[in-house]
Each structure stands twice: as C-alpha cells, then as structure tokens.
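What TrEMBL annotates here:
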BINDING   HIS52, HIS100, ASP185, HIS189  Mn(2+) binding site
DOMAIN    27-108  domain 'Manganese/iron superoxide dismutase N-terminal'
DOMAIN    115-218  domain 'Manganese/iron superoxide dismutase C-terminal'
Amino acid sequence: LLPSVFFCFRSSAKLIAPLGCLVSRQKHTLPDLPYDYGALEPHISAEIMQLHHSKHHATYVNNLNVTEEKYKEALAKGDVTAQVSLQPALKFNGGGHINHTIFWTNLSPNGGGEPKGELLEAIKRDFGSFANFKEKLTAVSVGVQGSGWGWLGYNKEQGRLQIAACANQDPLQGTTGLIPLLGIDVWEHAYYLQYKNVRPDYLKAIWNVINWENVSSRYATCKK
C-alpha cells in the first residue's frame, strides 16, 4: 500500500533507482468502497462517508500524484533541494492515501463484536483481554491532539501487537515500523457532521462497524 516513491527511498541511495521507479509507476487512484456510503449508518452517516471518501481521500490521491510528478522532475534535474522540500507533501498526501485505503477496509456494515481465532488470542496475550484492548485503543485515539490516527499495529521483530497514535496523516509503518492492522481516523472530518466535537461518542460508535475479518486477515498476512 505504500506509494512507489517510499519504496524507492528505501531501495537505494542512488538517484537513478528512485527515478526508474517513478517513471515506470502508474498514477495512484481512489479505491472504491466495498459498501455503499449509507451502509454504516446509524454509526457513521452517509453524508460523512461520501465527503470523507470522494472529497478528502480523493484530494490526498490527487495531491500525491502531483507531488510525485514534481519529485520526478527534481530527480531528473538532480535538484536535491527541491527533492527535500517535496518530502513533507509526499509524507502527508502519501500517508493520507495509505491510511484511508486501510481504513475503508477496516469498516463493514456487518462489523462489530469481537474478533475470533488467532487475533483474539493475540489480543488477550498482549493486552489481557479484548475489553482492556478496546479501552486502551479508545483512550489513545481520544487523546490524539488535533488531527491524527489511533492504530493497532504488529511489531514483527517482537512478535506482538502494539497500540500507537500518529499525528496528522503520518503512516504507521513508515514512521514507527509497526505493520498496520486497524486504524481509527480521528480527524474531525471523519465525525464532526454527526458527532460535532464529541470525539468519544464517535469512538464509541465506530466499534459497531469494525471489520474484524479484515483485521484478522491483515494479522495472518503479516505473521508469514
């Protein structure tokens, strides 16, 4: 899910490698939702979902494509100053695209309840109980100052689950190394039209639409 440019940064310190990646890549596109805008009601309104997906996420995608084009030009010219100046926009818009692409699949009209199988056992092992995990992730998400995300991630080196918060659109894996399993968007655009400034009410409601099948699938994949 990482934009190609992030892969390129890690692949080589030479300019020619990331340039090749950028030249050959396809433009990022807005992913379709796997459900209708109104499918998550009453927990998340259709109006919020439509604006969140078709406006906010679309803006991140468009800006990411524009920024990558500018970065490609800077690479071709060997303009390191321009490359450095573009990195905050790559991080913000790339992170926005990564985070939301995960977020939509983390939600489902048939969600809620508790996970099953290996994921539930891992949650009990690392947090004591599902209730304790839910309380901790909610508290971390409520406590994000300004805009950001609350995450359940997997620490591959330690083989355990961890809770983390990221500011703005900072992508979890790119900034902490944790593999994202479940993300909760706590930007005001994710809830303000329905819950006003009462973030805890939104966080209480969102647990009713968490797609545990998707989270469990992500957990199984990252353990391989």
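Including glycine, each Cβ sits where the backbone N, Cα and C put it.
Keep in mind that this is a model prediction, so the values were computed, not measured.
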Min neighbour Cβ count (10 Å) across binding-site residues HIS52, HIS100, HIS189 flags HIS189
ASP185 (Mn(2+) binding site), Cβ-centred 10 Å count of other Cβ atoms over all protein chains shown, is 25
On the domain 'Manganese/iron superoxide dismutase C-terminal' (115-218), the mean of the pLDDT values is 98
Helix, strand and coil residue totals from DSSP for the domain 'Manganese/iron superoxide dismutase C-terminal' (115-218) stand at 54 helix, 24 strand, 26 coil
